[in-house]
There are 2 protein chains.
Amino acid sequence: MSDTDKTIQEAIDQLRAKHIRITPQRTLVLTYLITKRNHPTVETIYSAINHEEPSLSLATVYNTLKLFVDQGMVLELSGNDESIHYDYYGSPHYHVICTNCGKIIDVTYPDFAKDLQKIDRIAAEQTGYKITGNHVEVQGICTDCQTKLANQKN
Amino acid sequence: MSDTDKTIQEAIDQLRAKHIRITPQRTLVLTYLITKRNHPTVETIYSAINHEEPSLSLATVYNTLKLFVDQGMVLELSGNDESIHYDYYGSPHYHVICTNCGKIIDVTYPDFAKDLQKIDRIAAEQTGYKITGNHVEVQGICTDCQTKLANQKN
DNA sequence: CTCAATGCAAACAGTTTGCAGTCCT
DNA sequence: AGGACTGCAAACTGTTTGCATTGAG
């Protein structure tokens, strides 16, 4: 069994353990998220899957993603404008997004999980909130757009 | 001159330095953000200001906020669903948002700015992006909602 | 003066909703 | 068997756009 297959299986088991029904549509969306790992939008997922397996409505993609997000399994990336991107959150990482073209890259480093815990702990102490999740996002200009923008100025 | 007045004046100077026109509408929105500091939505700002000073259209609120966000002066908080909240970003802090009622609280600690710099630096190293901003958000359940939800279960 | 900013209303796009039919468990 | 899930299309809502008017520099 490949590494991604194992990840998919684990995610499904995790859902089943919560008595959430495993439908073909949910499996398709989950598989897409885990195998592609390309921060897709709802529309991207919908058209990609529908292209080969036309048994999926747009509303179901919305429902399914909302479910995964509620389970803390998938992250909503609101980026800048445009529509929302989704990311399977298998292990702690954060996102760097290009404010010019929207390209998103995952970043992590050895102590990142520890730093997140610190942020969560302080937030809980200061606010009394019961912390359920977090998200770090960094904005910037990707290398491609740096070149493009530099050329435009000439 | 009060502390907030000084902040407002500084923000205006900052805009003027970039040759951005200081219109009454922009001053109103800026003043609202700095004095209230309550993470308002577009609609909140629009109706609050229009209530006393009906010289402001909804489109202008959108324009103005987009301008401030582009200047890095204001942060867009996409929270969960609902519409977007805005926050005057005078000094480094992060946000804890209640996933049940949407209430947002600012949090910071002495080394927070340093931790952000680390996150930015690593992101730049790993991706080559030219970093222009960042945002940390923590999700949780606020104390009020913790009580409410506990009561519902009985 | 000049050109950017505003206001208005219509257009838009992504998202949500209601309900009948389907199918996991 | 039964309730959760899906699909469809209509309805919604927040946001954007175009253009004539206004006003900041």
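Backbone N, Cα and C atoms are what each Cβ position is placed from, and that goes for glycine too.
A quick note: this is a predicted structure, and the numbers were derived from the prediction, not measured.
Cβ neighbours of B:Cys145 (Zn(2+) binding site) (same chain, under 8 Å, six or more residues apart in sequence): B:Cys98, B:Asn100, B:Cys101. Taken from TrEMBL, the feature Zn(2+) binding site covers B:Cys98, B:Cys101, B:Cys142, B:Cys145.
In sequence order, B:Cys98, B:Cys142 are the binding-site residues among B:Cys98, B:Cys101, B:Cys142, B:Cys145 whose C-beta falls under 8 Å from a C-beta of chain A. Packing around B:Cys101 (Zn(2+) binding site) is summarised by its Cβ count: 12 other Cβ atoms lie within 10 angstroms of its Cβ, all protein chains included. Around the Cβ of B:Cys142 (Zn(2+) binding site), the number of neighbouring Cβ atoms within 10 Å comes to 22.
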